[in-house]
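As recorded in Swiss-Prot, the features of this protein are as follows:
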type: ACT_SITE; residues: E218; note: active site, proton donor
type: BINDING; residues: H32, H34, H215, D296; note: Zn(2+) binding site
type: BINDING; residues: R87, D154, G188; note: substrate binding site
Amino acid sequence: MTEHFDARGTRDAQTGRDLHSFIAGLPKAELHVHHVGSASPRIVSELAARHPDSSVPTDPEALADYFTFTDFAHFIKVYLSVVDLIRTPEDVRLLTYEVARELARQQVRYAELTITPFSSTRRGIDERAFMDAIEDARKSAEAEFGTVLRWCFDIPGEAGLESAEETVRLATDDRLRPEGLVSFGLGGPEIGVPRPQFKPYFDRAIAAGLRSVPHAGETTGPETVWDALTDLRAERIGHGTSSAQDPKLLAHLAEHRIPLEVCPTSNIATRAVRTLDEHPVKEFVRAGVVVTINSDDPPMFGTDLNNEYAIAARLLDLDERGLAGLAKNSVEASFLDAAGKARIAAEIDTYTAAWLAP
């Protein structure tokens with residue numbers, strides 16, 4: 001079972017106020033959240049009903065058991081079964097729009113959504129139609145909810161170098177590249193998928209103006225994080241959990257202000273970390289590393305971004321000002337323009353000041 005921490009009933013010692021309510025209204029940015037992994041049980045059920053040849057349950061309650069993982073390999077297997085439900089441009093648009101709706105519900109003002117276009121194009125969705133679907137959903141969501149979405153196109157590591165070539169082509173072809181694309185990533189399993197082999201693809205993406213944000217150190221040691229930094233020129237690290245095992249790496253991350261995209265519940269659900277109390281986020285903060293809090297694949301892990309902030313509040317002993325600072329970390333670590341960063345940071349400050357006013 002995935003561990004959870006609910007801040008309802010948790011009172012800040014100085015203000016006596018409910019941190020859960022503060023978190024619920026806090027303006028936020030999210031930097032590590034997956035497109036398909038954000039499909040709610042309702043949307044997964046709807047897609048499974050559209051495609052009855054799938055093994056994915058159509059009953060939302062049955063999905064809770066389906067989304068209980070024994071290890072990271074099992075998680076990948078289940079994740080890919082949900083990926084297989086995305087078969088048409090309308091599926092893509094529906095999913096993207098509904099993910100934005102859920103982010104807006106949590107007061108997420110800006111999100112960089114990790115999308116794996118290779119998984120859709122290899123299943124027969126037309127490249128242009130795929131790009132049009134995500135862009136149409138992005139623009140509609142911003143107009144209706146006020147949430148700004150940007151894209152990270154990532155390589156599915158389990159699919160090998162063919163997927164790397166296809167992903168970088170889609171990301172750098174000016175005839176296809178979507179307006180919202182800002183970064184280039186690498187996800188999937190780490191064991192048996194060495195990061196250095198992806199260097200040529202990241203070099204091409206970076207040359208085309210994209211930012212480097214690979215997963216590393218989630219289920220392997222700190223050497224994978226070093227590889228991401230040296231070979232893939234990572235500007236942020238997805239997870240980076242094992243960085244805590246290497247003091248020199250922690251010092252490097254802190255000195256160079258390279259943020260970690262920390263996803264506590266995800267790490268427990270995939271067995272990357274045994275318990276929340278053993279999560280290394282405390283060590284990251286003590287070492288001066290920039291920490292951002294994220295939800296990864298929230299419905300699959302039975303969480304959301306608000307719950308991840310509640311977990312951080314407990315693990316790091318944060319009050320409202322500390323939580324506001326954590327939210328501003330994500331804003332500053334984002335690839336939003338300076339004016340956009342300043343706007344959301346000011347909104348966080350205004351909200352916090354109003355909350356704490358006598």
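Quick reminder: no glycine exception, Cβ is built from N, Cα and C everywhere.
Where Swiss-Prot records a feature, it is marked here on the structure.
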residue: H32; record: Zn(2+) binding site; CB count, 10 Å: 29
residue: H34; record: Zn(2+) binding site; CB count, 10 Å: 24
residue: R87; record: substrate binding site; CB count, 10 Å: 17
residue: D154; record: substrate binding site; CB count, 10 Å: 27
residue: G188; record: substrate binding site; CB count, 10 Å: 19
residue: H215; record: Zn(2+) binding site; CB count, 10 Å: 29
residue: E218; record: active site, proton donor; CB count, 10 Å: 24
residue: D296; record: Zn(2+) binding site; CB count, 10 Å: 29
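What surrounds the Zn(2+) site, by Cβ distance within 8 Å of the Cβ centroid and not counting H32, H34, H215, D296, is the set V33, G37, T114, G187, G238, H239, E261, C263, S266, N294, D297 from the same chain. Residue annotation for substrate gives R87, D154, G188. The furthest Cα pair among them is separated by 20 Å. The DSSP secondary structure for R87 (substrate binding site) is coil. In sequence order, H215 are the binding-site residues from H32, H34, H215, D296 with a C-alpha within 10 Å of the C-alpha of G188 (substrate binding site). H32 (Zn(2+) binding site) sits 13 Å from E218 (active site, proton donor), taking the Cα positions as reference.
Of all the recorded positions in the record (H215, E218, D296), the one with the smallest CA separation from D154 (substrate binding site) is H215. With respect to their backbone Cα atoms, D296 (Zn(2+) binding site) and E218 (active site, proton donor) stand 12 Å from each other. Note: the Cα of H34 (Zn(2+) binding site) and the Cα of R87 (substrate binding site) are spaced 17 Å from each other.
Across the structure, H215 (Zn(2+) binding site) and R87 (substrate binding site) place their CA atoms 26 angstrom apart.
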